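Trainee: If you scroll down you'll find the structure; I have some questions about it.
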Amino acid sequence: MSIEEILEKSGAILEGHFILSSGNHSEKYVQCARLFENPTYGEMVGNMLAKKIKKYNPDLIIGPAMGGIHIAYVTAKYLNKRNIFTERENGKMTLRRGFKIIPGEKVAIIEDVITTGKSVKEVIEIVEKMGGKICCIASIINRADENPFKYPYEYLTKIEIPIYKEDECPLCKKNIPPEKPGSRYLKK
């Protein structure tokens with residue numbers, strides 16, 4: 001089964017009016033958490049991503065909460081590598097729970113969907129500060145126009161969905177109320 005078929009069967013692509021984690025607006029939202037409602041789909045996608053990044057030979061797989069936690073874990077499982085995650089504390093991405101990055105360790109950063117790459121860039125900063133060596137970045141879905149990182153970037157599929165600044169959003173102009181599904185909007 002292809003990644004596109006899995007996304008469709010899992011109901012991961014939502015339609016409506018959404019405010020993305022970046023603050024931009026969109027008519028569609030990819031909710032990759034829906035993939036993991038069915039463990040078979042989650043395992044399939046993690047295996048696909050593991051095959052994509054195996055050539056980088058990472059020592060550690062790290063994903064930002066919330067979206068990157070599941071896919072980073074399943075990818076690490078297939079590569080038999082250590083897995084940790086970052087999370088927000090008072091609005092700032094941090095490494096907690098006793099997680100460590102060993103200086104010199106080759107690190108793969110895994111995310112579910114990348115649009116602007118903002119969360120991943122915050123993880124990059126943490127990894128670099130702790131002396132990790134980033135070998136690659138990977139995601140299930142690429143919504144970016146180009147690679148927004150200075151590191152190799154692998155993904156399973158590219159989905160082009162128009163995004164709008166708030167003042168240019170046609171859905172706002174129609175007074176359609178937006179939803180905020182991204183983890184950046186979870187109550188702190």
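Glycine is treated like the rest: Cβ placed from N, Cα and C.
According to Swiss-Prot, the record shows the following:
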type	residues	note
BINDING	GLU111, ASP112, VAL113, ILE114, THR115, THR116, GLY117, LYS118, SER119	5-phospho-alpha-D-ribose 1-diphosphate binding site
BINDING	THR115, ARG143	orotate binding site
Trainee: Of GLU111, VAL113, THR115, SER119, which binding-site residues are close to ARG143 (orotate binding site), meaning a Cα within 10 Å of its Cα?
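Mentor: Passing the 10 Å Cα cut: VAL113, THR115.
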Trainee: Among the binding-site residues listed here (GLU111, VAL113, GLY117, SER119), identify the one with the smallest other-Cβ count within 10 Å.
Mentor: GLY117
Trainee: Could you find out if DSSP has SER119 (5-phospho-alpha-D-ribose 1-diphosphate binding site) as helix, strand or coil?
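Mentor: Its secondary structure by DSSP: helix.
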Trainee: Hey, for the 5-phospho-alpha-D-ribose 1-diphosphate site built from GLU111, ASP112, VAL113, ILE114, THR115, THR116, GLY117, LYS118, SER119, who else sits with CB inside 8 A of the CB center?
Mentor: SER21, SER22, GLY67, VAL120, SER139, ARG143, ALA144
Trainee: Including all protein chains shown, what's the count of other C-beta atoms within 10 A of the C-beta of THR115 (5-phospho-alpha-D-ribose 1-diphosphate binding site)?
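Mentor: A count of 24.
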